Amino acid sequence: MNFKRMTDLDLAGKRVLIREDLNVPVKDGKVTSDARIRASLPTIEHALKAGAKVMLMSHLGRPTEGEYAEEFSLQPVADHLGGLLGRDVPLVKDWLGGVEVADGQVVLCENVRFNQGEKKDDEALSQKMAALCDIYVMDAFGTAHRAQASTHGVGKFAPVACAGPLLANELDALGKALDAPAKPLVAIVGGSKVSTKLEVLESLSDKVDQLVVGGGIANTFLAAAGHPVGKSLYEKDLIPAAQKIAEKVHIPIPVDVVTAKAFSESAEAATKKVEDVADDDMILDVGPQTAHIVAALMKEAKTIIWNGPVGVFEFDQFGEGTREMALAIADSDAFSIAGGGDTLAAVDKYGITDKVSYISTGGGAFLEFVEGKVLPAVAMLEARAKD
(Lines of atoms letter the chains of each structure in order from A and count residues from 1; the text may use other names and numbers.)
(Lines give C-alpha, C1' and ligand atoms only; values in the text may rest on other atoms or scores of the structure.)
Protein backbone atom coordinates (compact mmCIF):
# COMPACT_ATOMS: atom_id res chain seq x y z
CA MET A 1 0.00 0.00 0.00
CA ASN A 2 1.33 3.37 -0.98
CA PHE A 3 0.04 6.47 0.80
CA LYS A 4 1.45 9.72 2.16
CA ARG A 5 2.25 9.69 5.88
CA MET A 6 1.70 12.68 8.14
CA THR A 7 5.02 12.03 9.87
CA ASP A 8 6.88 12.61 6.55
CA LEU A 9 5.36 16.05 5.95
CA ASP A 10 6.38 19.54 7.07
CA LEU A 11 3.48 20.70 9.24
CA ALA A 12 4.92 23.98 10.59
CA GLY A 13 2.43 26.82 10.27
CA LYS A 14 0.07 24.63 8.24
CA ARG A 15 -3.67 24.26 8.85
CA VAL A 16 -3.93 20.55 9.63
CA LEU A 17 -7.38 18.93 9.78
CA ILE A 18 -7.24 15.52 11.49
CA ARG A 19 -10.10 13.01 11.41
CA GLU A 20 -9.81 10.92 14.57
CA ASP A 21 -12.13 8.27 15.98
CA LEU A 22 -13.12 9.85 19.30
CA ASN A 23 -16.44 7.99 19.45
CA VAL A 24 -16.20 7.01 23.13
CA PRO A 25 -18.83 6.15 25.75
CA VAL A 26 -20.06 9.19 27.68
CA LYS A 27 -22.20 9.13 30.82
CA ASP A 28 -23.47 12.20 32.70
CA GLY A 29 -21.18 14.45 30.68
CA LYS A 30 -18.05 12.40 31.45
CA VAL A 31 -16.02 10.04 29.25
CA THR A 32 -16.23 6.54 30.79
CA SER A 33 -13.64 4.75 28.60
CA ASP A 34 -10.91 6.75 26.90
CA ALA A 35 -8.94 4.08 24.98
CA ARG A 36 -9.69 5.68 21.59
CA ILE A 37 -8.77 9.16 22.84
CA ARG A 38 -5.45 7.87 24.20
CA ALA A 39 -4.76 6.05 20.93
CA SER A 40 -5.02 9.38 19.06
CA LEU A 41 -2.62 11.28 21.36
CA PRO A 42 0.66 10.52 19.51
CA THR A 43 -0.83 11.92 16.27
CA ILE A 44 -2.12 15.08 17.94
CA GLU A 45 1.09 15.62 19.91
CA HIS A 46 3.25 15.17 16.79
CA ALA A 47 1.25 17.83 14.91
CA LEU A 48 1.36 20.25 17.87
CA LYS A 49 5.12 19.81 18.35
CA ALA A 50 5.62 20.47 14.64
CA GLY A 51 3.90 23.86 15.07
CA ALA A 52 0.74 23.09 13.09
CA LYS A 53 -2.63 24.78 13.48
CA VAL A 54 -4.46 21.63 14.57
CA MET A 55 -8.18 21.07 13.97
CA LEU A 56 -9.62 17.74 15.11
CA MET A 57 -12.88 16.21 13.98
CA SER A 58 -14.81 13.08 14.92
CA HIS A 59 -18.30 11.67 15.20
CA LEU A 60 -19.95 10.65 18.48
CA GLY A 61 -22.91 8.29 18.58
CA ARG A 62 -25.76 8.36 16.10
CA PRO A 63 -27.52 11.73 16.24
CA THR A 64 -30.18 12.73 13.71
CA GLU A 65 -28.01 14.10 10.92
CA GLY A 66 -28.08 17.85 10.46
CA GLU A 67 -29.48 18.52 13.94
CA TYR A 68 -27.58 19.63 17.06
CA ALA A 69 -28.29 17.47 20.13
CA GLU A 70 -26.45 18.13 23.38
CA GLU A 71 -26.27 14.44 24.32
CA PHE A 72 -24.08 13.86 21.23
CA SER A 73 -21.88 16.92 21.74
CA LEU A 74 -18.11 16.37 21.80
CA GLN A 75 -17.75 18.77 24.78
CA PRO A 76 -16.98 15.92 27.26
CA VAL A 77 -14.35 14.63 24.80
CA ALA A 78 -12.80 18.11 24.49
CA ASP A 79 -12.63 18.36 28.30
CA HIS A 80 -11.09 14.89 28.66
CA LEU A 81 -8.62 15.42 25.82
CA GLY A 82 -7.58 18.74 27.37
CA GLY A 83 -6.79 16.92 30.62
CA LEU A 84 -4.65 14.32 28.82
CA LEU A 85 -2.78 16.94 26.76
CA GLY A 86 -2.39 19.31 29.70
CA ARG A 87 -3.78 22.21 27.67
CA ASP A 88 -7.09 23.84 26.78
CA VAL A 89 -8.93 22.20 23.85
CA PRO A 90 -11.72 24.57 22.78
CA LEU A 91 -14.78 23.02 21.13
CA VAL A 92 -15.82 24.88 17.95
CA LYS A 93 -19.56 24.63 17.29
CA ASP A 94 -20.01 26.24 13.86
CA TRP A 95 -16.78 25.37 12.13
CA LEU A 96 -17.60 24.90 8.45
CA GLY A 97 -17.27 28.63 7.75
CA GLY A 98 -13.72 28.78 9.13
CA VAL A 99 -11.75 28.06 12.29
CA GLU A 100 -9.45 30.39 14.25
CA VAL A 101 -6.45 28.47 15.59
CA ALA A 102 -2.86 29.57 16.22
CA ASP A 103 0.36 27.69 15.40
CA GLY A 104 0.97 24.94 17.98
CA GLN A 105 -2.63 25.12 19.21
CA VAL A 106 -5.50 22.63 18.92
CA VAL A 107 -9.28 22.89 18.64
CA LEU A 108 -11.93 20.18 18.40
CA CYS A 109 -14.67 20.66 15.80
CA GLU A 110 -18.16 19.69 16.98
CA ASN A 111 -19.63 16.29 15.98
CA VAL A 112 -19.30 15.82 12.19
CA ARG A 113 -22.70 14.11 12.14
CA PHE A 114 -24.40 17.40 13.07
CA ASN A 115 -23.66 18.38 9.43
CA GLN A 116 -26.27 17.46 6.83
CA GLY A 117 -24.72 15.19 4.19
CA GLU A 118 -21.94 13.69 6.34
CA LYS A 119 -23.03 10.07 5.97
CA LYS A 120 -23.85 10.45 2.26
CA ASP A 121 -20.31 11.71 1.51
CA ASP A 122 -21.89 14.93 0.20
CA GLU A 123 -19.57 16.71 -2.22
CA ALA A 124 -20.45 20.29 -1.20
CA LEU A 125 -19.91 19.43 2.49
CA SER A 126 -16.63 17.66 1.67
CA GLN A 127 -15.40 20.77 -0.20
CA LYS A 128 -16.27 23.03 2.75
CA MET A 129 -14.22 20.78 5.05
CA ALA A 130 -11.33 20.69 2.59
CA ALA A 131 -11.31 24.51 2.38
CA LEU A 132 -10.42 24.66 6.10
CA CYS A 133 -7.02 23.03 5.69
CA ASP A 134 -3.66 22.81 3.95
CA ILE A 135 -3.29 19.16 4.96
CA TYR A 136 -6.02 16.61 5.69
CA VAL A 137 -5.03 13.69 7.92
CA MET A 138 -7.14 10.51 8.03
CA ASP A 139 -6.30 8.77 11.29
CA ALA A 140 -9.54 6.92 12.12
CA PHE A 141 -9.15 3.30 11.08
CA GLY A 142 -12.42 2.40 12.81
CA THR A 143 -14.34 4.43 10.19
CA ALA A 144 -12.09 3.75 7.16
CA HIS A 145 -14.65 1.33 5.72
CA ARG A 146 -17.29 4.07 5.48
CA ALA A 147 -17.29 6.55 2.59
CA GLN A 148 -18.41 9.68 4.45
CA ALA A 149 -17.60 13.37 4.06
CA SER A 150 -15.16 13.54 6.99
CA THR A 151 -13.41 10.22 6.24
CA HIS A 152 -13.39 10.15 2.44
CA GLY A 153 -14.89 13.12 0.56
CA VAL A 154 -12.76 15.78 2.26
CA GLY A 155 -9.61 13.87 1.30
CA LYS A 156 -10.46 14.10 -2.40
CA PHE A 157 -10.52 17.91 -2.29
CA ALA A 158 -7.92 18.85 0.36
CA PRO A 159 -4.62 20.23 -1.03
CA VAL A 160 -2.80 17.26 0.57
CA ALA A 161 -4.33 14.05 2.01
CA CYS A 162 -2.30 11.67 4.17
CA ALA A 163 -2.56 8.94 6.81
CA GLY A 164 -1.93 9.71 10.47
CA PRO A 165 0.37 7.45 12.54
CA LEU A 166 -2.52 5.46 14.06
CA LEU A 167 -4.01 4.59 10.67
CA ALA A 168 -0.57 4.00 9.09
CA ASN A 169 0.47 1.62 11.89
CA GLU A 170 -2.81 -0.25 11.54
CA LEU A 171 -2.39 -0.69 7.78
CA ASP A 172 1.27 -1.71 8.20
CA ALA A 173 0.34 -4.36 10.79
CA LEU A 174 -2.57 -5.74 8.76
CA GLY A 175 -0.42 -5.81 5.64
CA LYS A 176 2.26 -7.75 7.51
CA ALA A 177 -0.31 -10.31 8.72
CA LEU A 178 -2.16 -10.72 5.42
CA ASP A 179 -0.02 -9.73 2.43
CA ALA A 180 3.17 -11.67 3.09
CA PRO A 181 2.72 -13.47 6.42
CA ALA A 182 5.36 -15.63 8.05
CA LYS A 183 4.01 -19.21 7.98
CA PRO A 184 2.30 -21.08 9.51
CA LEU A 185 -0.51 -18.54 9.60
CA VAL A 186 -3.27 -19.36 12.11
CA ALA A 187 -6.55 -17.44 12.32
CA ILE A 188 -9.04 -17.63 15.17
CA VAL A 189 -12.57 -16.57 14.30
CA GLY A 190 -15.11 -16.57 17.12
CA GLY A 191 -18.48 -14.99 17.59
CA SER A 192 -22.07 -16.12 17.64
CA LYS A 193 -22.98 -16.44 13.96
CA VAL A 194 -21.40 -17.88 10.83
CA SER A 195 -23.64 -15.58 8.76
CA THR A 196 -21.95 -12.41 10.05
CA LYS A 197 -18.46 -13.84 9.49
CA LEU A 198 -19.03 -16.01 6.41
CA GLU A 199 -17.02 -13.73 4.09
CA VAL A 200 -14.17 -13.56 6.61
CA LEU A 201 -14.13 -17.34 6.97
CA GLU A 202 -14.20 -17.86 3.20
CA SER A 203 -11.46 -15.29 2.59
CA LEU A 204 -9.24 -16.68 5.36
CA SER A 205 -9.72 -20.28 4.22
CA ASP A 206 -7.68 -19.39 1.10
CA LYS A 207 -4.86 -17.79 3.08
CA VAL A 208 -4.33 -19.59 6.39
CA ASP A 209 -2.76 -22.90 7.37
CA GLN A 210 -5.13 -23.47 10.30
CA LEU A 211 -8.53 -21.92 10.92
CA VAL A 212 -9.71 -22.11 14.53
CA VAL A 213 -13.43 -21.46 15.03
CA GLY A 214 -15.11 -20.64 18.34
CA GLY A 215 -18.38 -19.56 19.92
CA GLY A 216 -21.65 -20.13 18.07
CA ILE A 217 -19.64 -20.42 14.84
CA ALA A 218 -17.93 -23.57 16.18
CA ASN A 219 -21.35 -25.08 16.95
CA THR A 220 -22.32 -24.81 13.28
CA PHE A 221 -19.05 -26.53 12.29
CA LEU A 222 -19.66 -29.23 14.93
CA ALA A 223 -23.12 -29.86 13.48
CA ALA A 224 -21.58 -29.89 9.98
CA ALA A 225 -19.20 -32.64 11.15
CA GLY A 226 -22.19 -34.69 12.36
CA HIS A 227 -21.90 -34.00 16.10
CA PRO A 228 -24.90 -33.30 18.37
CA VAL A 229 -25.19 -29.66 19.50
CA GLY A 230 -28.31 -29.91 21.71
CA LYS A 231 -30.06 -26.56 22.05
CA SER A 232 -26.87 -24.58 21.35
CA LEU A 233 -26.88 -21.52 19.14
CA TYR A 234 -26.06 -22.68 15.61
CA GLU A 235 -27.19 -22.06 12.02
CA LYS A 236 -28.63 -25.14 10.35
CA ASP A 237 -28.98 -23.46 6.95
CA LEU A 238 -25.26 -22.68 6.88
CA ILE A 239 -24.09 -26.27 7.42
CA PRO A 240 -23.33 -26.71 3.67
CA ALA A 241 -21.26 -23.48 3.69
CA ALA A 242 -19.37 -24.70 6.78
CA GLN A 243 -18.69 -28.07 5.12
CA LYS A 244 -17.34 -26.31 2.02
CA ILE A 245 -14.93 -24.21 4.12
CA ALA A 246 -13.84 -27.30 6.09
CA GLU A 247 -12.89 -29.01 2.80
CA LYS A 248 -10.53 -26.14 1.89
CA VAL A 249 -8.60 -25.62 5.13
CA HIS A 250 -7.74 -27.54 8.29
CA ILE A 251 -10.25 -26.65 11.03
CA PRO A 252 -9.56 -28.31 14.39
CA ILE A 253 -13.09 -29.33 15.43
CA PRO A 254 -13.54 -29.36 19.25
CA VAL A 255 -13.15 -32.81 20.85
CA ASP A 256 -14.65 -31.70 24.17
CA VAL A 257 -16.90 -28.83 25.22
CA VAL A 258 -18.25 -27.05 28.30
CA THR A 259 -22.03 -27.11 28.47
CA ALA A 260 -24.88 -25.79 30.62
CA LYS A 261 -28.63 -26.23 30.77
CA ALA A 262 -29.21 -22.46 30.67
CA PHE A 263 -27.43 -19.32 29.45
CA SER A 264 -26.76 -17.40 32.65
CA GLU A 265 -24.01 -16.19 34.94
CA SER A 266 -25.03 -18.71 37.60
CA ALA A 267 -25.43 -21.68 35.22
CA GLU A 268 -23.55 -24.81 36.27
CA ALA A 269 -20.80 -25.80 33.85
CA ALA A 270 -20.27 -29.43 32.77
CA THR A 271 -17.34 -30.62 30.65
CA LYS A 272 -18.07 -33.47 28.24
CA LYS A 273 -16.90 -35.10 25.02
CA VAL A 274 -18.58 -33.71 21.91
CA GLU A 275 -20.39 -36.97 21.21
CA ASP A 276 -21.97 -36.84 24.70
CA VAL A 277 -23.79 -33.51 24.26
CA ALA A 278 -27.42 -33.99 25.36
CA ASP A 279 -30.54 -32.62 23.67
CA ASP A 280 -31.06 -30.01 26.41
CA ASP A 281 -27.38 -28.92 26.57
CA MET A 282 -26.03 -25.57 25.42
CA ILE A 283 -22.37 -25.50 24.34
CA LEU A 284 -20.84 -22.35 25.87
CA ASP A 285 -17.08 -22.99 25.66
CA VAL A 286 -14.48 -25.40 24.31
CA GLY A 287 -13.25 -28.06 26.74
CA PRO A 288 -9.73 -28.34 28.24
CA GLN A 289 -8.52 -30.93 25.70
CA THR A 290 -9.56 -28.72 22.79
CA ALA A 291 -8.01 -25.67 24.49
CA HIS A 292 -4.69 -27.56 24.73
CA ILE A 293 -4.84 -28.51 21.04
CA VAL A 294 -5.48 -24.87 20.08
CA ALA A 295 -2.72 -23.65 22.43
CA ALA A 296 -0.27 -26.04 20.71
CA LEU A 297 -1.18 -24.51 17.33
CA MET A 298 -0.37 -21.04 18.71
CA LYS A 299 3.05 -22.31 19.77
CA GLU A 300 3.83 -23.49 16.22
CA ALA A 301 2.42 -20.40 14.49
CA LYS A 302 4.52 -17.60 13.02
CA THR A 303 1.53 -15.30 12.35
CA ILE A 304 -1.76 -15.18 14.30
CA ILE A 305 -4.92 -13.25 13.43
CA TRP A 306 -7.46 -13.24 16.26
CA ASN A 307 -11.05 -12.09 15.90
CA GLY A 308 -13.57 -13.25 18.46
CA PRO A 309 -13.56 -15.33 21.67
CA VAL A 310 -14.05 -19.12 21.65
CA GLY A 311 -16.58 -19.17 24.51
CA VAL A 312 -18.89 -17.00 26.61
CA PHE A 313 -15.90 -15.56 28.49
CA GLU A 314 -18.05 -12.89 30.21
CA PHE A 315 -19.12 -15.73 32.52
CA ASP A 316 -15.97 -17.09 34.19
CA GLN A 317 -17.09 -20.73 34.15
CA PHE A 318 -17.25 -20.51 30.33
CA GLY A 319 -14.11 -18.42 29.88
CA GLU A 320 -11.38 -21.01 30.34
CA GLY A 321 -11.05 -21.78 26.60
CA THR A 322 -10.63 -18.11 25.66
CA ARG A 323 -8.27 -17.59 28.61
CA GLU A 324 -5.99 -20.48 27.66
CA MET A 325 -5.94 -19.37 24.04
CA ALA A 326 -5.19 -15.76 25.01
CA LEU A 327 -2.28 -16.85 27.21
CA ALA A 328 -0.97 -19.11 24.42
CA ILE A 329 -1.02 -16.15 22.00
CA ALA A 330 0.78 -14.06 24.64
CA ASP A 331 3.49 -16.74 24.99
CA SER A 332 3.86 -17.29 21.25
CA ASP A 333 6.79 -15.88 19.25
CA ALA A 334 4.39 -15.25 16.35
CA PHE A 335 3.46 -11.84 14.98
CA SER A 336 -0.06 -11.52 16.42
CA ILE A 337 -2.85 -9.12 15.58
CA ALA A 338 -6.14 -8.93 17.51
CA GLY A 339 -9.24 -7.01 16.47
CA GLY A 340 -12.95 -6.65 17.18
CA GLY A 341 -14.78 -5.43 20.29
CA ASP A 342 -15.21 -8.75 22.11
CA THR A 343 -11.63 -9.72 21.31
CA LEU A 344 -10.28 -6.51 22.85
CA ALA A 345 -12.40 -7.10 25.96
CA ALA A 346 -10.81 -10.58 26.26
CA VAL A 347 -7.29 -9.17 25.72
CA ASP A 348 -8.06 -6.72 28.52
CA LYS A 349 -9.62 -9.29 30.86
CA TYR A 350 -6.67 -11.67 30.66
CA GLY A 351 -4.06 -8.89 30.85
CA ILE A 352 -2.18 -9.65 27.63
CA THR A 353 -2.33 -6.19 26.00
CA ASP A 354 1.46 -5.77 25.87
CA LYS A 355 1.98 -9.36 24.67
CA VAL A 356 -0.04 -9.01 21.45
CA SER A 357 2.05 -7.57 18.60
CA TYR A 358 -0.71 -5.31 17.35
CA ILE A 359 -4.18 -4.51 18.67
CA SER A 360 -6.52 -3.22 15.97
CA THR A 361 -8.81 -0.34 16.91
CA GLY A 362 -11.31 -1.02 14.13
CA GLY A 363 -14.17 -3.50 14.44
CA GLY A 364 -16.01 -3.47 11.11
CA ALA A 365 -13.02 -1.98 9.28
CA PHE A 366 -10.75 -4.74 10.63
CA LEU A 367 -13.14 -7.44 9.38
CA GLU A 368 -13.59 -5.84 5.96
CA PHE A 369 -9.82 -5.54 5.54
CA VAL A 370 -9.38 -9.21 6.50
CA GLU A 371 -12.13 -10.07 3.97
CA GLY A 372 -9.98 -8.43 1.31
CA LYS A 373 -12.42 -5.57 0.71
CA VAL A 374 -11.20 -2.16 -0.40
CA LEU A 375 -11.66 0.41 2.39
CA PRO A 376 -12.89 3.70 0.82
CA ALA A 377 -10.65 5.93 2.97
CA VAL A 378 -7.57 3.84 2.14
CA ALA A 379 -8.41 3.81 -1.59
CA MET A 380 -8.72 7.63 -1.46
CA LEU A 381 -5.32 7.98 0.29
CA GLU A 382 -3.69 5.69 -2.27
CA ALA A 383 -5.19 7.70 -5.14
CA ARG A 384 -4.05 11.01 -3.59
CA ALA A 385 -0.51 9.66 -3.06
CA LYS A 386 -0.13 9.70 -6.86
CA ASP A 387 -0.74 13.50 -7.03
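Note that Cβ sites are derived from N, Cα and C of the backbone, with glycine treated the same way.
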Out of R87, R113, R323, which one does Swiss-Prot list together with D21, L22, N23, R36, H59, L60, G61, R62, R146 for substrate?
R113
Among E170, E314, E320, which residue shares the ATP site with K197, G340, G341, D342, T343 according to Swiss-Prot?
E314
Minimum Cβ neighbour count within 10 Å among the binding-site residues G61, G340, G341: which residue?
G341
What is the interatomic distance between the Cα atoms of D342 (ATP binding site) and H59 (substrate binding site), given in whole Å?
22
Candidates E314, G340, T343 (binding-site residues) - the one closest to R113 (substrate binding site) by CA:
G340
How big is the Cα-to-Cα gap, in Å, between T343 (ATP binding site) and N23 (substrate binding site)?
18
